[in-house]
Amino acid sequence: MKKLADIYINIPVKTIVHSYTYIIPEQFSFLQAGSRVVVPFGARKMEGFVVKIYPMDEENSDLLKEIVDIIDTESYFTTKIMQTARFMAQFYLCSLGETLRLFIPGKNSIKIRQIYIVKDKNAEISNEEKAVYEYIKANPECDIKQLQAIFKEDAEIIIKSLQKKNIIDSDYAYKNRGKNKYKTYIKINSTVVTTELLAAMTRKKVQKKALEFLGDEKFHSIDELKNNGFSSTIVKALIENNYAVAEEKQIFRDSYDMVRPQELMDIELTDEQKNVMQQISPYIEQGLTKMFLLHGVTGSGKTQIYIEAAVKVLAQGKQALILVPEIVLTGQLVVSLKKVFADDVVVIHSRLTVNERNDAFMRIRTNNVKIIIGARSAIFAPFFNLGLIVMDEEHDASYKQDESPRYHTRDIAVKMAEIYSSVLILGSATPSIESYFAAQNNEYQLLEMPHRIDNKPLPQIRCIDMREELHFGNRHILSRPLAALIEETLQQKQQIIIMLNRRGFSTFVMCRSCGLVMKCPQCGLPLVYHRQNYLQCHHCDIRLPVPDVCPDCQSRYIKFFGSGTEKLEQELTETFPNARTIRLDRDTTGKKMAHQEILQSFKAGRYDILLGTQMVAKGHDIPNVTAVGIISADASLNMPDFRAAERCFGLITQTAGRAGRGDVKGKVIIQSYNPEHYAVLCGIKQDYAAFYKQELYLRKELFYPPYAKLIKLTVQDKVEQSALDKALQLKEKFRKTFKDFSRYQIIGPAPSIIANFRGIYRFNLLVKTVSLADVNAFLRAEKIDIDKAVKIDINPLNTM
DNA sequence: ATTAGCTACGAT
DNA sequence: TCGTAGCTAATT
C-alpha cells in the first residue's frame, strides 16, 4: 500500500505555516521522516522536508501530488534536530520549514531553475522567433539566463509569445548545491604482490620501487606518491597490472588546515579553576542535563575551563560545541584547542563557502570530528552525540539573529542541553542580567572565578570628566591625562589600546546656516563622514558624495561634527608622530582575514597603539598591553534603550580587561560625560555585583527583563496612517485580552528607529509580559504569526 | 517566493 | 472590446 508524507516546503515566508501532503511513489517507499525531497508546489518544483509518514487513506488521495525526487536516501534531520526545530517554530512563531532550513548548509540543498523545452517540434515559426526556438530545441536544459545572454532583451518577449502559442513549455531542473570532493588513494594488492613477485621484478624498476614504498599495506594518496617521485603513469601501471587497488575517498575542505597543532603544555589549574571543574565534571561524566553560568573576571582563565570540560566530554566519547560571538574570535581559540585536540577540531561560521560547510557538517554527522567551534550558526550542526555546549561571552549581542527567525542562540542552547542531555556552560566576565538572575534563582548553577590567573591584579582605572577638560580649553578627543598615559607607556615600550565605539571620521554632518543634518535617503539616519571623502549610512551602508553646498539653503557652510575612529587616528598620529598606530574597525577589516592580521601584527609588536571600535575589546590576550583608553563608553547611555546601562558597563569592563594581562599592572583611563552614572561608577570599580544590584532594582521598577519578557511587534505598511492604525488596533485587542496591567503591558506604537525605509513605514509595539506563552497564544489566535505586515521579535535585544 | 488568475482602466 | 498593469490568493 502506498504511503503519504507531510512535508514542509523550504520557503522563508511566514504566511506558509503548515505542512502539505504528498503521495510517496513506490520507488521511494523507503523514505523516512527527516528526509529532504523535491515536490511540485504550485507551478514550480521546490525542496521539501518530510516530517511525518503514514498509510494512505483512499478517499481524497486523488487530490494529492506525488513526490518527484529525493535528495537523501536516508533521513537528513535527526530526531533531535526535529525536536530543536519544532521548539524554535513554536517559540519564535514561525513555520517549521523556516527553522528546519537553518540546519542545512546554505539553507537550500538544491538549486532549482526554470528551463524551457520544445513542445511542438514541427511548428511553423516566424523569422524573428526562429533563432530562439532553434536554440531551445538544441539545448534541452537552457534557462532564461542563457537565453538572455544570447538574445538580450528580446528573449523574454519571444519566450512568452512561444509559450502562448503552445510551442514551448517550461519545466524545472535542479541539482545538488554541495559538491563532495574526492581524492584517489591506492593500496598495495598483497594477494598479487608477493615477495617472490617482487624479487622476480627485474624489468619494471620504478614500479618495483613504488611497491616497496607502498609496503605498509595502508592507503596512500596519489599526491603523496607524486611527492616521492612516482608519476601518474606509474600509478596507472600499478593499477592496470593489479599490483595496487585504488579507492576514492571523500576529503574534507578545511580553511583552518594551516593552523597546525603545537606542542602541548601541561597547564596546572588554579584552585579556582579546579573548584569549578569539580562542580562541572560529575554532570559530564553522568551525561546529565545541566546549565552553568561561569562568571569569571577578564583574565581568570575561562578558556582553560572550556578545554578541560571538552577533554572530559571527549573521554565520554561525545562531541563538544564551543560557541563564540564572532568569526574573528575563533582564530585564537582554534589555536588553543588544536594544541590539545589536533585534527579533532572543526570550525564553522557564516563566511565558510557552502562546500566547506557541507564538509564540516558531514564530519560532525559521522562523528569524524569531536570539537566544533563556531559562531551562532554552528548550533545548527548535525551533532552525532553532543555532550557539551559552551557559550563564550554569553552576554554578546551577536548571539541574536537579526532577521527572521529572530532567534537567540542562548534560548536554543538551553533547549538543546535538555534535548541532548548535555552540559551547557555560559561564560562571561559581564553576564547578561537575565542569565545572572537565572543563576540567582538556581535555574543555572553559578560558578564564580573572581581572581585573575597568578593573582595578577585587575587594572587600575581612572575616570576623566570630559566636561572639565572642556573647561580647561581642551577640545581634543584625548584628555590630557590620557595623552600623558599614552606618552608614558610609549616611553616604556609597552602597548596601548584605545577604544572609540564609532567608526568613520565625524558622526554627523550639518549645515551651519540652516541646521540641516545630512540624512540617509533610504532610512533617514544621520550620515557619517569618512576621510576618503564620502558620506556613509551606517545602517544600510550606502555611500554618497559629500555635497559642496547645502541641498536646502545652498550655503557653503557645511561642517562635520562628532568624532569617530578615523578622527581619533588622525589626532593620535599628530600628537604622537613617532608612535606606530593601527586602526581596527569594520572599514579596515574588509577582507576575510584582515582582522586576524591586524591583531597578529599588533601582538607581535609591530605597532604601539591599537585603536578601534568595540572590536578591540573582545577576547584577545596581548601581554604587552599595559594601558587602555576608553573614549566613549558612555555615549550609549543617551540612547532610549533599557539595556543602555548594561551595554555601557559591559563595554567598560571588557575593554579595561585588555590591560595588564602580562607582568605589569594595567592602567585604564575612561573619558566620560556621565561620570556619576552608576554604569560608569561600577565599571571603574569593576564591580559586577554592585552594578547588577542597581540595574536589577531599576528593571523591577520599570517591569523590564528579567522580571518581564519582551516581544517587539513591528507593524509595516506603505501608507503611514495604515501602519499606525493597524498598530493601534492591535494594541486595543491586546488590552482587551490582557487586563492585568501588573502582568501584561503594551507600549507604543512608536515610530521605528528606521521609521521609513524604502517607502515602508514602521511602528513598534513593545509587549511586556510575565508569560511568553500567553502572548504567544494571543498572537496565534489573532493570526499575527501569519500576517506579513507584522514582524515578531521574541526577546528583542533593542526596543526601537 | 512565485505565479496563476482576476479586476480595473486605457487604448483601439 | 481587447490588452495589460497591478493586485490577490493559493501553492497538497
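Positions of Cβ are set from backbone N, Cα and C atoms, glycine also.
Look at A:Cys550 (Zn(2+) 1 binding site): DSSP puts it in coil. The Zn(2+) 1 binding site annotation in TrEMBL covers A:Cys511, A:Cys514, A:Cys550, A:Cys553.
The Cβ of A:Cys523 (Zn(2+) 2 binding site) lies under 8 Å from the Cβ of A:Cys537, A:His539, A:Cys540, A:Ile754, A:Asn756, A:Phe757, each of these being in the same chain and 6 or more residues away along the sequence. DSSP classifies A:Cys523 (Zn(2+) 2 binding site) as coil under the three-state reduction. The Zn(2+) 2 binding site annotation in TrEMBL covers A:Cys520, A:Cys523, A:Cys537, A:Cys540.
According to TrEMBL, the feature domain 'Helicase ATP-binding' maps to A:292-449.
The annotation domain 'Helicase C-terminal' is assigned in TrEMBL to A:545-704.
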DSSP state at A:Cys514 (Zn(2+) 1 binding site), helix/strand/coil: coil
Per-region confidence, the domain 'Helicase C-terminal' (A:545-704) (mean pLDDT, whole number): 90
Cβ-Cβ neighbours of A:Cys537 (Zn(2+) 2 binding site) (radius 10 Å): 21
Residue with minimal Cβ packing [other Cβ atoms within 10 Å] among the binding-site residues A:Cys511, A:Cys514: A:Cys514
Fewest other C-beta atoms within 10 angstroms, as judged across A:Cys520, A:Cys540, which are the binding-site residues: A:Cys540
Reduced DSSP assignment, A:Cys540 (Zn(2+) 2 binding site): coil
Distance, A:Cys520 (Zn(2+) 2 binding site) to A:Cys511 (Zn(2+) 1 binding site) (CA atoms, angstrom): 15
